[in-house]
Amino acid sequence: MAELNVNIGNLPLKNPVMTASGTFGYGIEYADFMDISRLGGIFVKGTTIQPREGNDYPRMAETPSGMLNAVGLQNKGADYFAEHIYPKIKDINTNMIVNVSGSSVETYVECAEKIAELDRIPAIELNISCPNVKQGGMAFGVTTCGAGEVVKAVRRVYPKILIVKLSPNVTDITEIAKAVEAEGADSVSLINTMLGMAIDAEKRKPILSTITGGLSGPCVKPVALRMVWQTYHAVKIPIIGLGGISNWKDAVEFMLAGASAIQIGTYNFVDPTVSIKVIDGLNDYCDRHGFKSVKELIGALDIQR
């Protein structure tokens with residue numbers, strides 16, 4: 001049996017398989033029918049400093065090989081999370097990581113400070129795909145200045161592991177990755193959803209209330225793989241790969257491209273136990289190929305012809 005443990009900065013994971021924010025609730029919802037402690041980590045749903053109601057319905061749409069969502073970061077706020085959710089998840093025997101969102105640098109900082117007070121939360125994941133209301137709604141993560149500004153501010157107040165989730169809706173994701181690395185990010189996770197749209201031809205109207213939304217699922221996997229591979233060769237901090245992963249083979253591909261760990265997102269809606277199957281599949285793959293540790297896969301892509 002291969003060793004499956006990996007590290008994200010100073011954060012040890014029992015294996016590289018984690019669930020993505022917004023696709024697995026707070027983890028406890030699945031505890032009755034799967035052993036969630038087997039996971040390398042659980043990224044809990046996006047949290048903001050103030051409660052958010054989310055966008056109007058309809059806010060989800062099925063697409064070929066994927067789905068669009070425009071949920072709008074619906075959550076009850078950081079105080080509610082600390083008082084009501086944290087006590088229920090703090091003793092789960094895996095890494096519980098909070099996805100943090102904001103509408104300004106200040107709200108990111110406030111939320112990060114609140115989560116930092118929770119002893120059993122070892123890391124946060126900054127969602128920098130959120131629009132900056134002070135800059136006309138442009139997402140923080142689409143410019144090096146915007147991404148660097150929010151990471152620098154959060155790094156000042158957040159002493160634990162800081163993971164930054166990168167947007168694919170950019171010209172060169174490696175420049176964004178280098179900018180957040182320079183401002184103190186311990187790791188980057190990529191990719192977030194791609195901007196997409198669905199139209200009802202009969203009604204001649206957009207399907208989503210927000211017109212556009214985030215595209216995820218198997219359709220984005222080739223783009224995600226390419227961006228992970230490019231980023232692996234651009235930064236020194238560890239990469240968490242995500243985007244269209246639905247089985248152990250996908251996970252292996254992301255690790256070969258340079259990911260130290262992976263997140264499973266959309267496929268949790270198809271099979272909530274998929275992450276356990278991926279863990280077992282990774283172990284089998286390593287055994288079949290003679291790898292003593294899953295770490296040997298990281299960046300091991302052979303590009304020679």
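In case you wondered, yes, glycine gets a Cβ from its N, Cα and C as well.
According to Swiss-Prot, the feature active site, nucleophile maps to CYS130. Residues annotated as FMN binding site in Swiss-Prot, with similarity to another entry given as evidence: SER21, LYS45, GLY46, ASN99, ASN127, LYS165, ILE191, GLY217, GLY243, GLY244, GLY265, THR266. Feature annotation from Swiss-Prot assigns substrate binding site to LYS45, ASN69, ALA70, VAL71, GLY72, LEU73, ASN127, ASN192, THR193; the stated evidence is similarity to another entry.
Feature map: Swiss-Prot annotations on the structure.
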residue: SER21; record: FMN binding site; DSSP class: coil
residue: LYS45; record: substrate binding site; DSSP class: strand
residue: GLY72; record: substrate binding site; DSSP class: coil
residue: ASN127; record: FMN binding site; DSSP class: strand
residue: ILE191; record: FMN binding site; DSSP class: coil
residue: GLY243; record: FMN binding site; DSSP class: coil
residue: GLY265; record: FMN binding site; DSSP class: coil
One should report the C-alpha separation between THR193 (substrate binding site) and GLY243 (FMN binding site), rounded to whole angstrom, as 8
Greatest C-beta neighbour count within 10 angstroms, which of the binding-site residues GLY46, GLY72, GLY243, GLY265: GLY243
Counting every protein chain shown, other Cβ atoms within 10 Å of the Cβ of ALA70 (substrate binding site) number 22
Listed in sequence order, residues not in LYS45, ASN69, ALA70, VAL71, GLY72, LEU73, ASN127, ASN192, THR193 with Cβ within 8 Å of the centre of the substrate site Cβ atoms: GLY22, GLY46, GLY214
Write out the long-range same-chain contacts of SER21 (FMN binding site), meaning residues 6 or more apart in sequence whose Cβ is under 8 Å from its Cβ. PHE43, VAL44, LYS45, GLY46, ASN99, GLU125, ASN127, LYS165
Rank aside, I only need the closest one: which of the recorded positions CYS130, ILE191, GLY243 has its C-alpha nearest to that of GLY72 (substrate binding site)? CYS130
Sort the recorded positions CYS130, ILE191, GLY243, GLY265 by C-alpha distance from ALA70 (substrate binding site) and give me just the closest. CYS130
Round to the nearest Å and give the CA-to-CA distance linking GLY265 (FMN binding site) with the residue listed as 'active site, nucleophile'. 18
How many other Cβ atoms sit within 10 Å of the Cβ of THR193 (substrate binding site)? 24
Output, ordered by sequence, the same-chain residues six or more apart from the residue listed as 'active site, nucleophile' with a CB under 8 Å from its CB, or 'none'. LEU73, SER101, GLY102, SER103, ALA139, PHE140, GLY141
